[in-house]
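Asks: Take a look at this one; I'll ask things after.
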Amino acid sequence: MARKKIREYDAKRLLAWHLKRLKGIHIPVQVAQVVDGGPSLAQLAKPTVDTEDHVTESVSETPVLQNGFGDHLFEEWNKDKSWLMESKLVVKPDMLFGKRGKSNLVKLNLNLDEASEIIESLLGSSLEVEGIKGRVTHFIVEPFVEHDAEYYFSVQSCREGNLVSFGCCGGVEIEQNWDKVKQVTIPAGEDPTGLDTILANQDLSFQVREQLEQFIKGCYLVFEDLDMTLLEMNPLTLNDRNHVIPLDMRCELDTYAMFKNQKKWLDIEFPESWGAQFTDEEHFIRSLDEKSGASLKLSLIHPKGHIWTMVAGGGASVIYADTVVDLGMGDELANYAEYSGNPKEEETYLFARTILDLATRYPDGKKRALLVGGGIANFTDIAATFAGIIQALKDFHGKLQVAKLKVFVRRGGPNYETGLRLMEELGEELDIPIEVYGPDSNMTCIVQKAIDWIRD
Amino acid sequence: MSCALFGSLKRVWRTLACSSPRLFSSSSVTNRPPPYVDKNTKVIVQGFTGRQGTFHSQQSIEYGTKIVGGVSPKKAGTMHLGCPVFATVEEAVKETKADASVIFVPPPGAAGAIEEAIKAEVGIIVCITEGIPQKDMVRVKTLLNDSTKSRLIGPNCPGILKPNECKIGIMPGYIHSPGCIGVVSRSGTLTYEAVDQTTKYNLGQSIVVGIGGDPFHGTTFMDCVDMFLNDSHTKGIVMIGEIGGNEEEETAELLKKSSIKKPVVSFIAGVTAPPGRRMGHAGAIISGGKGTAASKISALESAGATVVRSPAAIGAAMVEKMKEFQVNNVQSAKN
């Protein structure tokens, strides 16, 4: 399972769409998204007129479909944004971080001009939220909803099934009122008959209870059908026409289920978490990783650091990073990188090239080390895997000399002797220092050697 | 009225951690087969004729594993690597009387393959596949709970091995040697280090189990340590854990309560990872205070285990620990 957060804008659209499709329930969700570099809020608000010269409905109803998911009809529904000019608005950054109310980032009851001003002042700028800095690139804009009651509702997958929670005490102070929240676990694969108990003994009028019951049952169906791992609404309320509407919502999907849900998940995106702005090189490795059956990962930590790593295996790579830090050189640890699952030679080559490019970018006269480490491979041919790395080293050998980079290799597995010998010979051929170790030396021995080299 | 913050996920996790019933009790309680294989274990391969299935089956056969057949609906009725190919697991089990199955089926069909094996009452099911959706695994776990005949190892795991007798999975056979150390691990690579070291120190291994890196998995640390404690051939236990979840803590409890005491050496990967960050496996995520390396290390140490700070120290630490235990045993015998 791989849980990934999605934006509130996408979560609300998915929910509205599929509630209608699965249960015929209509929730009056109207959302607009302003993206850094895209059309401004004022531009989005201009009414759309189609070729037959009739303006689309101002109250958006999600059309129910007979077959498929009718992506083109979804687009139509999405296009009509005339409500931006007709209602008072709520504006929030939509960047996968919570506690926006407490951070004073929720702006209410604005007209279009006021909303545009707020967005303009914050869009594209840097912000620090709970200690993490990031750039605000997306805003969600919705109609301001007058309401009284604030409910809390969530569904979350857990070991035994799905944990459903509901409370009449929703809102900013939910944590203090957590004891008033009712919970029930629906065992995996079972019909959610237990959901009725969630609303029992809660202080609700008959009419409201009925509405909420329908809504909660519908949400549960959507949760299961879309392979969600988390769906949380706080607060949830009813508008003046007694329709249930989530004011604040958060959602996570299991991306391992991507292969079956591409159509159901429509056009939503899976953004990186707040503060995780990626460099071009990290993006590049991610795209390699996505296309490959193997695993290729790169995270930059201290781009000007003097200890670089390129380790085989998810577990081993974490160990190398830990060992560098344990030995007191955490500030010099430039990156985390791992490759595993038998990547092709071209993939290893591009992977190694990217790391060497970064490692030789800031020559400063001081020595650097590259740890080409790993454990004992089970079935990858070491000599074959090294082929890609060796080619990359050849490409960069001039820069390696300028950057005073020494390569430390530790590896075991099928054909490792040949692999290590090829590395040694390469060192002689290109006149760059390369030290090799096989399975007789422990896995992280090269870390201390690299540190000694740098400090010398 | 201002718009609200979201409810505390931390709070929900705490609720879950305290109230969740144990989904996989140890074998001694459920009569489910323990995570154990040997030279008599008859194995079938699901996804037998695919590239992965073929390659690793060949290796297993060379190691001496009793592969008795495989499942591949498209090639049913033919022979592959000298073994019969069947259309279904049920047929394969009926004809071959297999005790175990190994699954090399890609994610879209993997959960279905596990379910098929459970329905056919296969005793040990090893699923190598990585990337099975959570909803599918939750369904699998429900089926497993209702079954007393089947044990799942994995998914997303390297497998289980008894030196010179049986190799089910993708680990390198040649580094293992028959001996007395039970090894259980979440990480493939680090398992091989522990195995290599215990081989070099002439301790050898009794059984090696890779339980895999996914948050939802069929066999836990507790299941394996329980088996090791009760297995007369296992004299020492190596446990390789990772940040995330609380199995290592639960195992510490098991060690404390057990009347049988054996030397335990452990290593926890991911000490330097900050909370919320994902590194290595999808399973190694810290949430809300629980599952940090510090909490695991202190739990295990309080249960009498030696927790080494570097995987390089595992072998040597085990030798020391075994000596300690021998001395203590002699002392208590004297008293």
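Count begins at 1; order follows the chain as displayed.
Cβ from N, Cα, C; glycine included.
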Asks: Look at the CoA binding annotation in TrEMBL, where B:Thr49, B:Gly50, B:Arg51, B:Gln52, B:Ile128, B:Thr129, B:Glu130 are given, and name the residue from B:Lys75, B:Lys94, B:Lys97, B:Lys162 listed for that site too.
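Replies: Of B:Lys75, B:Lys94, B:Lys97, B:Lys162, B:Lys75 joins B:Thr49, B:Gly50, B:Arg51, B:Gln52, B:Ile128, B:Thr129, B:Glu130 in the CoA site that TrEMBL records.
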Asks: Does DSSP give B:Thr49 (CoA binding site) helix, strand or coil?
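Replies: Assignment for B:Thr49 (CoA binding site) reads coil.
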Asks: B:Gln52 (CoA binding site) to B:Tyr192 (substrate binding site): how many Å between their Cα atoms?
Replies: 20
Asks: Rounded to a whole number, what is the top Cα to Cα distance in Å among the residues the record ties to CoA, namely B:Thr49, B:Gly50, B:Arg51, B:Gln52, B:Lys75, B:Ile128, B:Thr129, B:Glu130?
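Replies: That value is 24 Å for the farthest Cα pair.
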Asks: Taking CB atoms only, which of the binding-site residues B:Thr49, B:Gln52, B:Lys75, B:Thr129, B:Tyr192 fall under 8 A from chain A?
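Replies: Correct list, in sequence order: B:Tyr192.
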Asks: According to DSSP, does B:Glu130 (CoA binding site) fall in a helix, a strand, or coil?
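Replies: For B:Glu130 (CoA binding site) - judged by DSSP and reduced to three states - the answer is coil.
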Asks: For each of B:Arg51, B:Lys75, count the other CB atoms within 10 A of its CB; which of these binding-site residues has the top count?
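Replies: Of the binding-site residues B:Arg51, B:Lys75, the highest Cβ count within 10 Å belongs to B:Lys75.
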Asks: For B:Ile128 (CoA binding site), just count the other CB atoms lying within 10 A of its CB, please.
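Replies: B:Ile128 (CoA binding site) is surrounded by 25 other Cβ atoms within 10 Å.
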Asks: Out of B:Thr49, B:Gly50, B:Ile128, B:Thr129, the binding-site residues in the record, which is closest to B:Tyr192 (substrate binding site) when you go by Cα distance?
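Replies: Closest by Cα distance to B:Tyr192 (substrate binding site) among the binding-site residues B:Thr49, B:Gly50, B:Ile128, B:Thr129: B:Ile128.
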